[in-house]
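S.K.: The structure under discussion is supplied below as structure tokens; questions concerning it will follow.
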Amino acid sequence: MGIYLLIIAYYDIKFRNHYILFEEEWRLSWQCTFAGIISTISSESSVFILAIITIDRYLSVMHPFSIKRHSMTFAIGAMFFVWSLSIILALLPLIAKRYFTNRYYGNNGVCLGLQLHDGTGIGIPINQDLYAWVAVFLLPVNSALNPVLYTLTTKLFKQHLNRFIAHNFSSQNRHTPPMIDHSS
């Protein structure tokens, strides 16, 4: 997702104040298509990896003794499958152009495969800029925060945090300032 954002940022700077002159050329360019493919691969692989992690954790919790632990070979195979499937799904619009049309990734200025032509959702008007903000800002922030949030909610992290708090903030470890005698 970072490479996608760098591409979009570069062309944002390049076309600043005169984007309208290059809008059609940009949306039909291979750079826009490449950025869209990278974005799709990133998003799809993130979702698939989270699904595999969720299934693995669910099986480990619900059936801790009945399921054989997975090996490193299985993990490598699963990641190979996830990345291969993500790449195939991202390239599919280029292969099946008759179905997806020639402008699948170049349908909008941020080169995402969002085929959202109707500006309403459930009868509520949605600003077209909102789609771009969600895709360019909110989704990458969410992707960046997910590993942190999953780390902060683990049992081991909570144990370390409780130990740290107990050790550093317990009443036994507090030092009282020395008393000053003002009688003399």
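Glycine too: its Cβ is placed from the backbone N, Cα and C atoms.
Sharing the record's features from TrEMBL:
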DOMAIN    1-184  domain 'G-protein coupled receptors family 1 profile'
TRANSMEM  28-53  transmembrane segment
TRANSMEM  74-96  transmembrane segment
TRANSMEM  130-153  transmembrane segment
S.K.: Taking contact to mean 3 or more CB pairs closer than 8 A (sequence separation of 6 or more), are the transmembrane segment (74-96) and the transmembrane segment (130-153) in contact?
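M.R.: They do not touch: fewer than three Cβ pairs between the two stretches lie under 8 Å.
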S.K.: Do any residues of this chain, six or more beyond the ends of the transmembrane segment (28-53), have a C-beta under 8 angstroms from a C-beta of it, and if so which?
M.R.: 1, 3-4, 7-8, 11, 78-79, 82-83, 85-87, 89-91, 94, 103-106, 111-113, 135, 139, 143, 146
S.K.: Given a Cβ distance threshold of under 8 angstroms, which distant residues of the chain, six or more beyond its ends, lie next to the transmembrane segment (130-153)?
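M.R.: Non-local partners: 1-2, 5, 8, 39, 42-43, 46, 50, 108-110, 112, 114, 116.
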